[in-house]
Amino acid sequence: MNMQTKNWIDVGSLSDIPRQGARCVKNGEMTIAIFRTADDRLFALEDKCPHKNGPLSQGIVHDGCVTCPLHNWVISLETGAAQGADEGETASFPVKLDGETVLLGL
Amino acid sequence: MTAELHIETRKQKLVIVGNGMAPGRMLEHLFETTDQYEVTIFNAEPRVNYDRIMLSPVLSGEKSYADIIIHGEGWYEEHGVTLHQGDKITEIRRHERKVVSEKGVVAEYDNLVIATGSNPFIIPVPGHDLPGVLAYRDLDDTDGMIKAAEEGGRAVVIGGGLLGLEAAAGLKLRGMEVTVLHLMPTLMERQLDTAAGYLLQKELESRGIEVRCEANTKQILGKDKVEGVELADGTVIDASLVVMAVGIRPNVQLAQEAGLEVNRGIVTDATMKTSDPHIYSVGECVEVGGMVYGLVAPLYRMAKVAATHLAGASEAAFAHAETPTKLKVTGCDLYSVGDFAEGEGREDIVLRDAQRGTYKRVILKDNKVIGAVLYGDVADGAWYNQLLTSGEDVSEMRETLIFGQAYQGGGQADPLAAVAALPDDAEICGCNGISKGTIVQAIKDKGLTSLADVRAHTKASNSCGTCTGLVESVMGLTLGDAFKLPEAEGICGCTTHGHGFIRRMIKAKELKSIPAVMQELEWATPEGCAKCRPALNYYLVADWPGEYVDDQQSRFINERVHANIQKDGTYSVVPRMFGGITTPDELRAIADVADKYDIPTVKVTGGQRIDLLGVKKEDLIPVWADLNDAGMVSGAAYAKGLRTVKTCVGTDWCRFGTQDSTGLGIKLEKALWGAWSPAKLKLAVTGCPRNCAEATCKDIGVICVDSGYEIVYGGAAGLHIQGTTPLGKVASEDEVMETICALTQYYRETGFYLERIYKWANRIGYDHIKEVAYDDLEARKSYAERFRYSQKFAQIDPWAERVAGAEAHEFSPMATLNLEAAE
Ligand SMILES: Cc1cc2nc3c(=O)[nH]c(=O)nc-3n(C[C@H](O)[C@H](O)[C@H](O)COP(=O)(O)OP(=O)(O)OC[C@H]3O[C@@H](n4cnc5c(N)ncnc54)[C@H](O)[C@@H]3O)c2cc1C
Ligand code: SF4
Ligand code: SF4
């Protein structure tokens with residue numbers, strides 16, 4: 001009902017995710033990829049490239065972006081938007097850290 | 001009424017708990033404006049107020065304790081301050097406005113200031129309480145370290161942040177052997193990005209300090225005193241001193257027990273008042289505006305705010321501001337301020353000067369400076385900090401910003417710097433063993449001006465040609481403007497350098513990590529991209545076997561999970577069948593696996609293997625475990641590396657067969673499996689020129705004939721079709737093995753990432769390859785030896801490793817949520 005309400009859900013701990021890597025959280029039909037950057041920031045995107053649904057969680061993470069493993073689109077981790085000349089956007093979710101615990105906002 | 005009168009006639013009582021830098025500064029401000037207070041200080045440390053920051057110069061021997069005293073005994077007398085040294089407050093009775101000390105002193109207050117600072121955090125590993133384990137916080141710790149250093153031996157410093165590195169540098173100057181253990185991949189990761197962290201590590205290592213990153217301390221060893229440190233990976237380091245410098249925690253216990261509001265620190269409002277209006281707090285123990293602080297600049301601002309409020313009604317309020325970080329190790333110049341994380345809408349300007357070992361990065365957002373990281377050249381730190389604080393629009397000077405304040409108006413990074421920095425005996429042309437000095441000499445002595453001249457006279461870059469760029473750079477340096485450098489073509493947007501240049505520099509400068517390459521070759525991005533990172537990772541794997549640790553995060557997914565990702569997100573799994581030979585037991589195991597895991601498609605491949613398609617990601621590990629149990633390893637059908645050796649049945653069965661083609665194929669595959677190469681590598685051995693194994697369109701092929709073996713290579717049968725070219729004929733299987741190992745190694749060492757062997761051969765020249773890998777018996781032998789050495793580290797079954805638990809995070813979701821449907 002209330003669009004504002006966020007449930008912060010404990011999905012694991014920071015050390016579960018490799019630096020410059022990602023892990024997936026399954027939420028019913030949807031898979032959400034949680035990325036950890038080299039400097040330990042976290043981002044969450046739907047695990048689906050806006051181009052042809054490539055699994056972004058499997059891509060290479062660099063400089064605040066991930067490169068899709070299927071056709072090399074570069075997606076911003078913060079906004080989910082395709083970079084450069086490509087156009088499209090993947091859903092992004094809030095994610096935060098409480099101590100070592102990773103909280104995903106759904 | 002009477003109480004108020006009373007206050008006017010006597011001085012108010014101000015009691016301070018803790019005598020650190022923050023309250024010291026607060027009192028200075030207070031005494032400047034008023035003498036309305038009678039001040040009493042309790043200090044747990046048995047001394048006056050001294051400059052804690054300067055403990056590092058005391059440790060290194062550059063200063064003594066006397067040099068760093070802020071307020072001597074005389075100062076307290078002059079201001080009528082009663083200082084209880086070495087007496088700790090154990091209780092605050094708020095309702096009585098009294099504090100009680102350990103030694104039983106009770107003091108009344110009108111106003112109380114809590115300035116208990118923070119406590120060093122001690123990791124509670126076994127052995128943390130042994131004699132010889134010290135923190136780094138006060139003069140006693142410093143004296144303890146100086147004493148330990150007199151005994152000599154090795155100090156292990158746990159923690160590669162500001163404090164730990166200052167301790168390490170000081171102990172080294174005191175003559176100890178020093179090892180720094182740091183949990184993170186790079187030093188001072190809170191203040192520095194990876195590039196600057198790399199430079200810092202290099203500098204410390206050049207001073208003889210051993211740095212181990214990603215080192216997780218498991219326990220401290222020793223019976224009656226420290227004897228060593230054991231890491232989680234089992235490594236044991238001998239040590240006579242262990243310094244823990246892993247962080248600090250605000251010291252809030254006293255405030256908490258008194259019932260004040262405490263979160264991470266003692267919570268105050270912007271006037272430094274706690275939840276009790278008669279109690280203020282300043283220093284590292286405070287949490288104000290949701291932040292706690294560990295550097296003196298903000299603490300001094302707190303001190304000033306608290307002093308003005310203690311002196312009377314005031315508008316003063318504490319406001320957050322970025323504090324730059326500097327390291328007080330003589331000769332290590334670094335500076336960082338603000339926010340330097342990557343992020344949307346942020347723009348990085350990076351300037352690397354490999355020759356001078358400097359790195360500068362300025363981070364912009366909306367045309368404003370929001371952060372800066374400087375290493376080596378910190379002259380402009382204050383200027384960037386000023387631009388950051390003022391929030392000035394810098395779009396006007398965007399182009400020249402990175403060169404610094406003095407440089408407004410122009411200047412370019414020198415593309416030749418890296419080559420200029422090479423010593424004269426650095427090898428430029430590997431094929432012909434030509435050094436930089438030889439080329440410079442030839443250019444000067446013979447007046448050479450063109451690349452063709454240089455090639456003719458020195459042979460440099462005359463063979464495989466990968467060093468052409470380097471030779472041109474040497475010419476540019478020697479001839480100056482007389483030589484026009486061709487436009488360099490970078491392998492991706494992150495660099496202007498080509499593959500050949502990068503590969504040669506990795507060897508010439510002994511670059512052994514991705515950050516090292518990026519720094520020394522002046523990458524324009526902080527972390528590279530999906531194009532350059534896998535290439536660099538391959539070059540480092542190929543060039544430094546046994547030394548370089550493969551960076552999984554710089555590999556494409558197929559090579560990370562050791563299976564081929566399919567378009568629906570499932571994987572295909574191909575077990576190795578050496579030479580295309582299998583057994584009934586193996587086939588049964590494969591059939592069982594297909595049944596057990598509901599694998600929808602089982603297909604025979606063109607490379608004589610069986611492909612299991614449609615394996616779910618979570619089934620990969622159990623599938624591999626079952627295949628491993630039946631004696632099979634990964635077929636590497638996903639790898640930029642050796643894929644398959646295809647064979648025909650040869651003399652075993654075929655009436656035309658001339659040699660044991662199957663046996664030779666198995667032998668070759670046993671020698672080559674596991675090898676990474678620039679692109680995929682497929683072989684075939686065929687038992688006679690009828691060529692049933694199709695050797696003449698493979699990357700490398702062997703055609704058996706009556707008199708021996710003909711080796712061919714450079715075939716292609718994909719989008720591009722090309723027959724192989726003969727390399728040479730040999731008489732024995734051993735020679736086949738040696739020649740093919742040498743050829744493969746030469747390709748591994750000089751190929752460009754993703755360059756198939758036929759493209760490589762077209763570029764380098766078939767004649768030249770034949771010289772190296774076949775004609776020149778000595779070269780052939782040494783390449784083959786290098787290959788076999790490298791295989792020692794490569795022939796580890798990745799499936800078995802992962803079944804045993806390696807990289808477990810790749811194979812299972814982090815969490816599976818069962819949320820109720822959203823309303
Ligand atoms: C080696 C070293 C190097 C540093 N280098 C720098 C630097 O380069 N730049 C920088 O900005 N900062 C640096 N710092 C940090 C800086 O020194 C601190 O931020 C600052 O000293 C903290 O001041 P404080 O007054 O909050 O606490 P402290 O100086 O820690 O003082 C707290 C005092 O309170 C006493 N105390 C605690 N509990 C009680 C109690 N119940 N009763 C009575 N007394 C009590 C303690 O004994 C202690 O003396 C460094 C720190 C160290 C240790
Ligand atoms: S092509 Fe995509 S990524 Fe690719 S880019 Fe595609 S699905 Fe993504
Ligand atoms: S290549 Fe020659 S030896 Fe091999 S199977 Fe064919 S005919 Fe027989």
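Every residue gets a Cβ built from N, Cα and C, even glycine.
All annotation found in TrEMBL is predicted automatically rather than curated by experts.
Positions annotated as [4Fe-4S] cluster binding site by TrEMBL: B:CYS648, B:CYS654, B:CYS688, B:CYS692. According to DSSP, B:CYS648 ([4Fe-4S] cluster binding site) is assigned to coil rather than to any helix or strand.
In the shown protein chains, 18 other C-beta atoms lie within 10 A of the C-beta of B:CYS692 ([4Fe-4S] cluster binding site). What TrEMBL records for B:CYS692 is siroheme binding site.
Here TrEMBL flags B:13-290 as domain 'FAD/NAD(P)-binding'.
According to TrEMBL, the feature domain 'NADH-rubredoxin oxidoreductase C-terminal' maps to B:325-391. Here the domain 'NADH-rubredoxin oxidoreductase C-terminal' (B:325-391) has a mean pLDDT of 80 out of 100.
As annotated by TrEMBL, domain 'BFD-like [2Fe-2S]-binding' applies to B:428-474 (among others).
As annotated by TrEMBL, domain 'BFD-like [2Fe-2S]-binding' applies to B:491-540 (among others).
What TrEMBL records for B:566-629 is domain 'Nitrite/Sulfite reductase ferredoxin-like'.
TrEMBL lists B:639-778 with the feature domain 'Nitrite/sulphite reductase 4Fe-4S'. Under DSSP, the residues of the domain 'Nitrite/sulphite reductase 4Fe-4S' (B:639-778) split into helix, strand and coil as follows: 57 helix, 36 strand, 47 coil.
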Entry from the binding-site residues list B:CYS648, B:CYS654, B:CYS688 having the most other CB atoms no farther than 10 A: B:CYS648
Residues of the domain 'Nitrite/Sulfite reductase ferredoxin-like' (B:566-629) by DSSP state, where helix covers H, G and I: 29 helix, 14 strand, 21 coil
Contact call for the domain 'FAD/NAD(P)-binding' (B:13-290) and the domain 'BFD-like [2Fe-2S]-binding' (B:491-540): at least 3 Cβ pairs under 8 Å, seq gap 6+: yes
Secondary structure composition of the domain 'NADH-rubredoxin oxidoreductase C-terminal' (B:325-391) [DSSP: H/G/I, E/B, coil]: 10 helix, 31 strand, 26 coil
